[in-house]
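Asker: Next up is a structure, given as structure tokens.
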């Protein structure tokens, strides 16, 4: 059966004479006669618009399952081709690759990104508590895999500072649990790890560190693939921009702290857990007298060169065809100087040491570590796919191509799962290198293959040349790439002006991820952001509306000037959905804004009525005198004697503007019912306006106005319709009350009979 919605639209009378005529027609009619008027006979000439809904489609779970099963089980040539093209987007765009227009931009971009990726791959390896060679492996393999399975044309996937920090913390924690001391802290992890496993099958510190990282990367990739397959990309929605920004900035501070020991050449233990940020700085000042002067001077000189040049690159990036590769230049010069002046032997400066060439045989992750790494892998997986999907969507919109978020999650999951067999740690889209890739004219992911070729040259021939590179230079490279995260401090004043709550979320996430732990800080930030959303819906803005002169527009009286109030009508707007968490606040703010608490007024009247019965044995009907006790407009001068009135209030109708309500639950419906009943007891009718279809259905099914069929009768399509109805309805009742002193008819009964 077709459901209908009954909306009330009014056509106002154009002349006072028409009103007088209708008033004379009603002379001598009784209450029952008024209640039985048809819409054509009423003075207001009510026009009831019935909006016919579409019949809801038949929903059968059984048929839906069958349909999906048929789609999945269908196996023909086209289905197989479509499946593989969706799983491997490279099969779709590579045959249409235009060598003449796209190849040059991809080659140039790939070369430049590869040059920048060389020093960052080595420096981020130290951040992840790994040998330098594994950072090069990670960037090499991830770029090749991402080319095949990604829908983004601009993302660069590889080692990312925040993820490397989280990986390093997890690896260091497991090293301590396994009994490996921290004797090599502050120096290279290479030591005696040129062979991954010795003849007896034991594993040294470096070997165990990469074993933990491989198992962690496998779990991260598994989580991300499952999220993509199950279409759970909405999880990233809960990582808002202020939250991610605060987390990245807080992680940047933690990264700077962890790299300070390399810049100073100190050998201090790596702290983990709550307070590690403060404890690290305490140790830095405690052992400051042991600073290696050679490392300190080298670091200061490198910072003085890299930071200004990177600032120039950022400021004039639109005018420069490509940024100047200052990091690689500094790394090369520093390596040459360290080699010829023998910094390692002469000044005891820490260097990278031997970096092997070639590839290692694939290995399996350690299944025994999965149980202890399962929790550590979860925040890494979430941050990894959040950064990847966010960057992919940003550049997809900028350059006008579609990005599939769930496919991107599968892509980044494959970039972590498959390389975990080839001595690679977890990765994600890297912000700085993605920006560089986009700004240097990349067209497709072919540039990623070019970057992998550059890294392949390093793996096969160039890597041993970095033997004399000081770890302090790697620390400088890492810190210099955190400028973007630290610049967010400059944005906090403007953020505070725009949204104080978002700024509080930013600071809360930053401080918790810095002062507690990185993973805990992320969790605290998410929980706090969700609490802020709950707080916003629990105590939303509420206001009384006034009318803009000569229009049908109603706005907040406390915000806009020169709004006129409607005589004896209060219009209340609640800017949130009505549900169990804000029901008490809704009633409290409604009573406060309208200045009418129906429960208190009804109780006062009841006490007065009881006293009158005791004194005179006869009490007057409360509803019979209700209209005489309203504060009338100036044109209405007739008032009943004051001693016969209940407490006087200045409204006969309360209109609830539900335009901002997305939904109401069963508790919210009960609150509306209570509100309607309470105001009805003091003679005030309650009308609803701007209800969306779902709320209308809930009202009709729940019978908010006293019956299943009456739920839609007093719910109007606009505030103006409700105001006009209230004015006309009151005028009819006022005229009737002057002629007939009996009890007034129920407004809902009158409305229902008019619509029938």
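Quick reminder: no glycine exception, Cβ is built from N, Cα and C everywhere.
All annotation found in TrEMBL is predicted automatically rather than curated by experts.
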Asker: Would you please say which range out of 476-505, 506-535, 536-565 has the annotation transmembrane segment in TrEMBL?
Answerer: 506-535
Asker: Transmembrane segment per TrEMBL: which of the ranges 159-179, 180-200, 348-368, 369-389 is that?
Answerer: 369-389
Asker: When TrEMBL marks a stretch as transmembrane segment, which of 93-115, 116-138, 208-230 is it?
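Answerer: That would be 208-230, per the transmembrane segment entry in TrEMBL.
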Asker: Suppose you look only at the domain 'STAS' (559-726); what would the mean pLDDT be?
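Answerer: Within the domain 'STAS' (559-726), the model's average pLDDT equals 76.
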Asker: Which residues, given as numbers and ranges, are at least 6 beyond the ends of the transmembrane segment (369-389) yet have a Cβ under 8 Å from it?
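Answerer: Distal contacts: 155, 157, 160, 162-163, 166-167, 170, 174, 177, 211-212, 215-216, 219-220, 223-224, 227, 233, 235-236, 239, 244, 247, 403, 405, 408-409, 411-413, 416, 426-429, 431, 518-519, 522-523.
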Asker: I'm a bit unsure how to read this: which one of 208-230, 443-462, 506-535 has the highest number of Cβ pairs shorter than 8 Å with the transmembrane segment (242-264)?
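Answerer: When the Cβ pairs under 8 Å are tallied, 506-535 comes out ahead.
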Asker: Residue list, the transmembrane segment (506-535) vs rest of chain: Cβ under 8 Å, 6 or more residues beyond ends.
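Answerer: Sequence-distant neighbours of the transmembrane segment (506-535): 162, 165-166, 169, 238-240, 242-243, 245-247, 249-251, 253-254, 272-278, 376, 379, 382-383, 488, 492, 495, 581.
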